[in-house]
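Down below is the structure, laid out as structure tokens.
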Amino acid sequence: MLQTHMSYGHQGDINTPYVVHTVPQVPLLTNGEMVDDIRPEQHALVPSFMGGGGKKIYPLPFSDPNLPVHLRSLDPSKDLSTYGYGNVDWKERMENWRQKQEKMHKMRNDGGGKGWNNDNEEPDLPLMDEARQPLSRKLPVPSSQINPYRMIIIIRLVVVGFFFHYRITNPASDAYPLWLISVICEIWFAISWILDQFPKWLPIERETYLDRLSLRYEKEGQPSQLSPIDIFVSTVDPMKEPPLITANTVLSILAVDYPVEKVSCYVSDDGAAMLTFEALSETSEFAKKWAPFCKKFNIEPRAPEWYFQQKIDYLKDKVHPSFIKERRAMKREYEEFKVRINALVAKAQKVPEEGWTMQDGTPWPGNNVRDHPGMIQVFLGQSGGHDVEGNELPRLVYVSREKRPGFNHHKKAGAMNALVRVSAVLTNAPYLLNVDCDHYFNNSKAIREAMCFMMDPLVAKKVCYVQFPQRFDGIDRHDRYANRNIVFFDINMKGLDGIQGPIYVGTGCAFRRQALYGYDAPKSKKPPTRTCNCWPKWCCCGCCCSGRRKKKTAKAKQEKRRNSSWRGDNGAPVLALEGIEDGKQGNENDKQKLMSEQKLEKKFGQSPVFVASTLLENGGTLKGATPASLLKEAIHVISCGYEDKTDWGKEIGWIYGSVTEDILTGFKMHCHGWRSIYCIPGRPAFKGSAPLNLSDRLHQVLRWALGSVEIFLSKHCPLWYGYRGGLKWLERLSYINATVYPWTSIPLLAYCTLPAVCLLTGKFITPELSNVASLWFLSLFICIFATSILEMRWSGVGIDDWWRNEQFWVIGGVSSHLFAVFQGLLKVLAGIDTNFTVTTKAGDDEEFSELYTFKWTTLLIPPTTLLIVNFIGVVAGVSNAINNGYESWGPLFGKLFFSFWVIVHLYPFLKGLVGRQNRTPTIVIVWSILLASIFSLLWVRIDPFLPKSDGPLLEECGLDCN
């Protein structure tokens with residue numbers, strides 16, 4: 001008897017005896033004979049794990065020297081593939097394994113697992129166990145990279161302390177105002193650095209196992225057990241968000257690599273545009289050809305516009321003989337589809353006076369964008385939603401919520417909440433995924449990547465959402481305006497994933513529906529102690545295993561009883577919390593039931609069907625409800641008054657109160673104790689378009705900063721909200737940083753003005769440096785550079801991306817962030833609202849032509865003024881040094897370095913200001929020169945650093961004037 005202590009991924013340890021009989025002599029492959037003039041003792045020896053009677057003995061964690069080791073002789077002159085090594089056909093192995101699984105399952109049902117004693121029917125334990133392994137794992141940053149990074153952070157913190165001790169105790173007596181302003185700015189910068197740095201203390205990466213997901217939830221011959229998912233696409237204005245871009249996003253969703261019956265796509269048209277409706281109708285027809293083509297040849301990406309634009313070898317890994325022919329035909333079909341979409345766009349440029357009319361002659365309900373009823377149209381569904389090959393397609397639903405004058409519709413957040421309710425009534429998938437209309441599925445397995453976390457029993461219970469990084473197409477090679485935002489997505493987000501998870505960035509995110517309903521995260525429980533050695537699924541004794549099975553059976557019965565109680569006597573859906581038995585107990589619980597119903601209706605709204613769906617943790621629609629009744633209820637839940645006196649936007653769904661509803665929504669979930677996951681697949685999951693020209697980019701950053709200011713001035717500010725919840729303190733620091741950063745624009749603007757003032761006045765922000773002071777300044781610079789270098793090392797971010805991020809931090813700080821602070825104060829204190837401008841999406845113009853397009857905006861004035869003032873200061877400082885001689889060049893170097901620091905950081909702005917064809921708006925130049933001139937003249941007129949006297953200063957010249 002050989003007792004081995006083995007665990008194949010099951011909970012607990014299992015002591016399983018294996019019987020090993022006397023091992024007979026196994027003949028060698030060559031049978032000890034000469035093969036090709038090679039003696040037997042010269043043959044290669046390969047260990048063979050063979051036991052008595054042909055029974056397999058799997059590798060053990062230890063070796064017993066008393067057991068004989070049998071060797072297989074191989075002919076070294078032959079290919080190893082002839083012996084089955086190095087050329088394993090994985091598909092054939094999988095088929096054999098699945099056949100063994102089916103036989104084992106059948107024997108277990110027929111004979112209670114008697115087949116275990118049959119050597120010929122023995123299951124392949126390692127492969128069987130592969131399906132029970134975790135679906136993902138953490139990959140910590142190597143200690144050789146992260147430990148020096150943490151050490152230099154601590155050293156930098158100490159150096160900063162000594163630096164400020166010197167700065168505060170050694171003021172510049174001849175330039176006290178400059179010294180005071182600079183010290184205040186530097187203290188604020190140090191606080192901002194701490195808020196940004198320490199949430200990156202525990203960076204991690206993650207790895208997913210899609211094959212294990214398939215083994216566990218997609219067994220051959222059985223329906224897929226993968227969870228359903230509802231995908232949301234949001235759009236507003238088809239003139240700024242081209243319908244062709246939205247169509248490509250929808251097509252990539254309809255062709256995704258996921259069971260079609262599990263996928264539903266909801267498109268929110270918040271502008272109620274007939275152009276979007278007709279474009280979506282054309283898209284649904286083209287999808288019937290596009291989806292089977294994608295799945296047949298397994299192409300990536302599955303957005304046709306970007307697939308046909310790829311500058312790669314599209315024949316790579318393609319072996320189907322008809323691929324070239326079908327690809328050419330599909331490209332022609334897509335070009336015809338584009339022509340039809342472009343014709344719709346051209347037709348929509350001129351709106352008729354009486355408004356748009358539909359084919360039956362009735363007016364389009366959305367002719368008045370601010371006053372129209374709710375609209376829902378199912379383009380692809382269970383009936384009629386089949387492709388050209390007869391296969392079913394995912395659902396495609398058009399939704400435009402009701403809008404009436406006098407109601408606050410809460411922009412994008414309100415539209416997303418309407419989609420949550422509509423999807424809950426129609427499909428009620430337990431998981432949601434939202435993307436912007438310009439973010440297409442670049443990876444057809446993106447949903448499977450998310451499900452590796454959402455459906456993993458080890459981590460799924462407390463996961464509220466899985467966030468994917470944003471990646472972009474069509475950006476210039478140098479990424480002049482830091483559109484890719486690599487530092488944030490590849491450094492900050494990885495750091496947050498090691499704490500409580502990344503923040504929600506508004507798109508490319510898979511949610512747990514129950515987390516959006518405002519429920520608290522489940523508390524972690526200790527697993528029960530095992531009291532037997534039986535297998536979990538075949539436990540037949542009276543131990544804890546069978547007890548858990550009984551509890552699951554009781555829970556299933558309760559769920560079944562609950563589902564059956566949603567319908568009343570007339571077949572209409574009614575609200576029923578639990579199946580209450582007849583008799584006295586039911587009568588006694590009537591009041592409690594009524595109170596629970598009223599509480600739920602007050603929280604979720606006056607819709608029995610929707611409220612009933614919120615109680616189904618695993619999703620699913622109401623049984624027996626007709627499609628017509630469900631559509632009627634779906635129209636009701638998108639009415640403009642449905643959310644009145646409910647918790648929508650306060651505790652449920654996307655949270656209102658900021659134009660950046662994404663940060664606020666993720667923050668509320670983390671306060672409820674949930675955690676999020678950051679998933680970075682090898683192939684980017686989603687790709688989108690970004691604004692190329694400087695003006696649009698600054699307006700985009702302005703919107704983000706304005707939302708942060710609104711959160712900072714609201715009750716949801718992370719400085720004082722959510723302390724009784726489950727938010728970790730390092731995660732709180734990251735949220736504080738995300739809401740405080742726009743306020744850095746004020747000290748940053750002052751700090752960037754100081755170099756010019758120093759050069760014009762000849763003063764400086766520090767007194768003459770001693771040796772000790774020089775040491776602290778030098779140490780601080782070295783720590784700053786070392787932190788950045790080590791950060792780039794463990795994250796893999798290039799120095800170009802890091803430097804572009806630093807430059808745009810200054811550009812955005814002195815322009816968009818500054819305006820966001822004043823607009824936020826006006827909105828909160830004075831009630832003056834600013835309209836949200838939709839960022840123009842990429843069109844079909846010449847590549848990078850938008851990069852040089854310049855549009856007038858007041859955001860351009862502050863950075864332009866800073867550039868001119870600093871250029872004037874440099875000229876004045878150099879001229880003064882030339883006039884005063886050699887001794888004045890030494891103090892000048894520090895001031896010039898200070899000024900060049902500002903100019904170098906603003907260089908991309910300067911380059912964009914000049915443009916390719918020198919098309920800088922005249923108004924920008926006029927205003928900037930005017931402000932710079934006024935500032936310079938004012939400074940010359942009232943120079944606070946010159947000594948004041950009542951009369952002229954008289955000196956003896958040495959001459960006798962008499």
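Using the three backbone atoms N, Cα and C, a Cβ is placed for every residue, glycine included.
Residues or ranges marked as active site by TrEMBL: Asp270 (among others).
The active site feature in TrEMBL is assigned to Asp662 (among others). On its own chain, Asp662 (active site) has Ile503, Tyr504, Val505, Gly506 as residues at least 6 apart in sequence with a Cβ closer than 8 Å to its own Cβ.
Residues or ranges marked as UDP-alpha-D-glucose binding site by TrEMBL: Ser234, Lys240, Glu241, Asp270, Lys411.
The Mn(2+) binding site annotation in TrEMBL covers Lys412, Asp436. The Cβ of Asp436 (Mn(2+) binding site) lies under 8 Å from the Cβ of Val233, Ser234, Gly506, Thr507, Gly688, each on the same chain and at least six residues away in sequence.
Marked as region 'Disordered' by TrEMBL: 106-126.
Among the features that TrEMBL reports, transmembrane segment is placed at 148-166 (among others). Through the fold, the transmembrane segment (148-166) approaches residues 183, 186-187, 190, 194, 197-198, 201, 772-773, 776-777, 779-780, 783-784, 786-787, 790-791, 793-794 of its own chain, all at least 6 residues removed from its boundaries and within a Cβ separation under 8 Å.
Per TrEMBL, transmembrane segment is recorded for 178-195 (among others). Tertiary proximity for the transmembrane segment (178-195) is limited to same-chain residues at least six positions away from its ends with a CB under 8 Å from its CB atoms, namely 157, 160, 164, 167-168, 171-172, 733-734, 736-737, 740-741, 744, 747-748, 750-751, 754, 757-758, 763-766.
TrEMBL lists 740-760 (among others) with the feature transmembrane segment. Sequence-distant contacts of the transmembrane segment (740-760) (same chain, six or more residues past either end, CB-CB distance under 8 Å): 175, 178, 181-182, 184-186, 188-189, 192, 195, 705-706, 708-709, 712, 810, 813-814, 817-818, 820-821, 824, 862, 866, 869-870, 872-874, 876-877, 895-896, 898-899, 901-902, 936, 939.
Residues annotated as transmembrane segment in TrEMBL: 772-790 (among others).
What TrEMBL records for 810-830 (among others) is transmembrane segment.
According to TrEMBL, the feature transmembrane segment maps to 859-882 (among others).
The transmembrane segment annotation in TrEMBL covers 888-910 (among others).
The feature transmembrane segment is assigned by TrEMBL to 922-942 (among others).
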If you measure from the CA of Lys412 (Mn(2+) binding site) out to 10 Å, which recorded positions from the list Lys240, Glu241, Asp270 are inside that radius?
Asp270
Looking at the binding-site residues Lys240, Glu241, Lys411, whose Cα is closest in space to that of Asp270 (active site)?
Lys411
Between all pairs in Ser234, Lys240, Glu241, Asp270, Lys411 (listed as UDP-alpha-D-glucose binders), what's the biggest Cα distance, rounded to the nearest Å?
16
Out of Lys240, Lys411, Lys412, which of the binding-site residues has the smallest number of neighbouring Cβ atoms within 10 Å?
Lys240
